[in-house]
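What follows is a single structure, written as structure tokens, with notes after it.
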């Protein structure tokens, strides 16, 4: 039975039994930054099980895409070496939200397996929790399962959503693959040991309790059911194979890989046990097939390889696959072709694979090209380090080496670990982590000098003590730039003090402030803190937890702990920063609309001068796309939408559709910032009151910062206006230089002046003219050299084989390498067989070209001759046996160099 038939049969069976067919959710969880990837069928129903969301149905059935490759559920390192571990798998499941419970859930599962799939009952075993007599009785009395085929376990048969929340016993169904699949014949022991013969194919969770506090179980008024079965495992059972990789879900990809690499896939366990080389090939093919699935589906759902969060996990999966591909063949590419096979076989079930086909394949090829260069170079360097360690009898690779591989060569630490372990060498994990931590500290300290220095460590303790004492700090900056506060703590940068005087620099903590502390990508405010005639200039503002640190220079008077003060943020700096920050939110929304929903924020920096926004995208943003993005943002600015902020629970914010960043920690109550129906994000920064205050938005640069991450820099308000005014001035100058008359009607003039009607066309036309003139000039330069005379004066020498050949030594007063190369070719054609050495005349460095006829390049190499000539003249160069080029500064030694060539040829 095909896997597609099993999937369809499952859906239809439960639909027939009153279940709502719910499509698979994306692998990228929507509005749940706590979850790395969708890893179970119940993920999309989480709020329903928690009682936070009501649906218009109480029964559901799904075939859910799942990835387990990071966090709590991480199967990555097992993939390829066991029969049933995968990074990507499909979980088919049925769910009851306060509807049916144990009796129906058990009946549905047993009926589907034994009647719809016609699995022999003697091939199945079930497990229940040690306390769940009810489930055991249902299995025996209702479904007729013999008591001896029902086993009881403890923790393995009790499921929890977390430390607190819904939980309950579960019952699992195991399939017996027979004695050939494993060595343990006793089913209880085999199941307990997780042996390959007895494989779990379905788990039924009975959510009948609520745990809170931990250890205290309260019965739920409406128990629910959450079930999940692995399609891969069901397929193996129905297709009569022991290993999931031998099913039709993997074999099309594996067979294609065998064809690409001209290799053989062997699945027989006994054969593999006796043939380590074949076992290595089989494991590599299984890794490739599995990782191709997770890679393709993750990219289709919006993930991109990067160095953080979900993107980093995807990159690890892809690079692990690429490395195993290199083990199979040094010059063959496997992943793109295998991805095409996957799209062909599963695209009808998951149409996103087909609609995003080009994006998937381009992303895979790009990451493969990048990593192979890193892999080849890094592997060679790592092998040298491992050889050194072995020669000294060292069994551990130092953390410094692992960090250097990562930091200098871009070689992933986990890959270093794998390669080292394969050769029996461990990695000093603690030392590596220390190197990483030291590097992070250095990076923080170097960022514009704004980070906390070591001499401020005492303030961290003070800030935390202040918070723990129950005192609060009020931020007044959302209401305005001026406010009242009291000095609560002072530091001179070395220790706490009671007073700062004129000329002192240090840190100041207030109980209330209008100054925004650097955070969330927004720079800290600047301005003044005053009392009476005393004035402190705030040069930067940072934050520890919720305590704002004002970095101050006392310009006049003194400040003491307990002094009442007035805070005044620089209004121009605040206004410009707010415009840039609000524009960043509009930019984020516009990017997702123009480029796709795979775009997510990967970093940002907002200050009064510009906004810098990093985002996930695997190719440059085209000029047409940039224009669309700018138009969308400026359209929202022109609409004069009010910028609304609202405090609400984190859950309510996500339900409202607010964008949340994966990996970001949020408080229970969050600030939601909305601009019309265009943008809705969680944000604690300062913003404009109305989009019209942004005035104008202009992108000034777009570039890549790492694989899969692009960066846009943009300006707003006065900066954008000045930029545009300058651009118009330059345009006017360019128009005049191109022959257009300056006038208010020049645009109309451009439209009616013939084939060079636009400035761009005129510039392109001029560029073509310049290229043609350069070509003609080079032709004239080449014509200045009398090739016939040089060929006629060629010297004759004998090759090692005794044949006659010609030698031309030419001193040519030209510096264009292309022209010199053409002269060299003409000379070689004239003499037919021999050697041509041409030295040009440049400004400080003189080009040298050596060309040798192919029939004698085996005994006399162009590169060797070039090194001698260039060496005499104080230069260097290199090339192929038949052609080489270089340069040298000392033309005075030209005759000596030519004499050297003659002597080498016996002249």
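Each residue, glycine too, has its Cβ placed from N, Cα and C.
Residues or ranges marked as Zn(2+) binding site in Swiss-Prot: 581, 585, 683, 687. Residue 683 (Zn(2+) binding site) carries neither a helix nor a strand DSSP state and counts as coil.
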Remaining residues near the recorded Zn(2+) site, that is with C-beta within 8 Å of the centroid of the site residues 581, 585, 683, 687: 578, 582, 584, 643, 673, 681, 685, 686
Number of Cβ atoms other than its own within 10 Å, given for residue 581 (Zn(2+) binding site): 26
Protein Cβ atoms within 10 Å of residue 687 (Zn(2+) binding site), excluding its own: 25
Spatial neighbours, same chain, of residue 683 (Zn(2+) binding site) - Cβ under 8 Å, 6+ residues apart: 520, 581, 585, 671, 672, 673
